[in-house]
Amino acid sequence: MLGLLLLTVAASAVLATPVVYDGRVPSSFPEANLDSSAGPFLTVVKGRESATHYSSVLGHTKRPTPLWNESSVPTEQVISVRIDNTSVFFPGGNNPQFGFRRTELLAQAGKGGPAALLPDIKDGAAPSAKCAFIQSPGPLLDHSLNVLFSAPSSPRSWHNFAVLVDWGNLTLKVYYSKDGVPLTAVTGTIPNLSVSPGGPGKGEFHFGILRLPLVDLNDSPSDQGDVVHHGIQEGSTEALFYSGVFVEKVTEGVSTGYGKTIQPWTSALSLMNLLLRMHLHMTMLPSGHESERSPQ
C-alpha cells in the first residue's frame, strides 16, 4: 500500500531560460495565504475543510532539491499537500466527486501557461495517485495511458523530473535525475497525438494528489466505469512534498540544474514549447489503512 507518502517537487533558484509560470514558494510566503488562494496558487480543489488542513508550507525545516538551491539557505519553501477521507471535492453544481480523494494547487489564473502530465504513483494493488496533470477536455497522454518513464521510489532521495511539451508537433520528452545529479534525457521524442491540438488541449495545470478508487464489484458496470463518483477508497492519509514547480520556455535550452542548459531538439521547435519541470522527493512512512466504500 502507499501508506503515508511524502513526495517533493522543486524549482529553480537560478534559471537561464524564461519562466512562464513560477510555482515555487518564496521564503516570505505565509501559510495563511493558502486559505485565501493568494498567488501563485488557487487552492479551491480540496475537501470541505480549509486549504491549510490539506496543505502547508515548511519554512526551512526541509531542504529542496540541490539542483536549484545551491545556497546554504534556500530561497524557497517546500510545500506539503495531503489527502484524507475528507478530501472529497464538490465542484460547481453540487456534484460531489465521491470516487476521488483529491487536493490540488492550480496555477493562478493569468500567471501560467500550459504544462504537462507527470507522475502516476502506483504500489501493487493500491489505487493509483496522480500528482501533476493537465485538466482539459482530453488527456495529454494517449488514452492507453502508456508509461513514458519510471524510476524506483528510493526513500529520502530526490527524484528530479522534467517533461518537454511540444504543443505544435504534439510530442513529449522526459528528463530525469536523482539527488544532485543534473537532468538528462531518459526518452526520445514521443508522439502525444491523443491531445487536442491548439488551445483546447492545453487545459489548466494542477499539481497535488488525485487518488483514484478501487473498483467496487457491487456497483453496476456503468458505475464501475465512473471512477469520479463511485468506487472504494482507503481511509489512509497520504502527503506529497513539493518545491520548485515551474514552467519555462525552452527557446534558449532546457535547464538541467546549477544554471546549466542543454539543447533539447534536433530541428526547430515552436516558440511556445514549454517545459514542465518537477523535482520529486519521495519518502515512505508507515500509516494505518481502513478501506471504505465511497459514500452514495
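The backbone N, Cα and C atoms fix where each Cβ goes, and this holds for glycine too.
Given the structure is predicted, the values throughout are model-derived calculations rather than measurements.
In TrEMBL this protein carries:
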DOMAIN    19-110  domain 'Glycoside hydrolase 131 catalytic N-terminal'
DOMAIN    141-253  domain 'Glycoside hydrolase 131 catalytic N-terminal'
SIGNAL    1-16  signal peptide
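Confidence annotation: the domain 'Glycoside hydrolase 131 catalytic N-terminal' (141-253) carries a mean pLDDT of 81 in the model. Mapped onto DSSP classes, the domain 'Glycoside hydrolase 131 catalytic N-terminal' (141-253) shows 7 helix, 43 strand, 63 coil.
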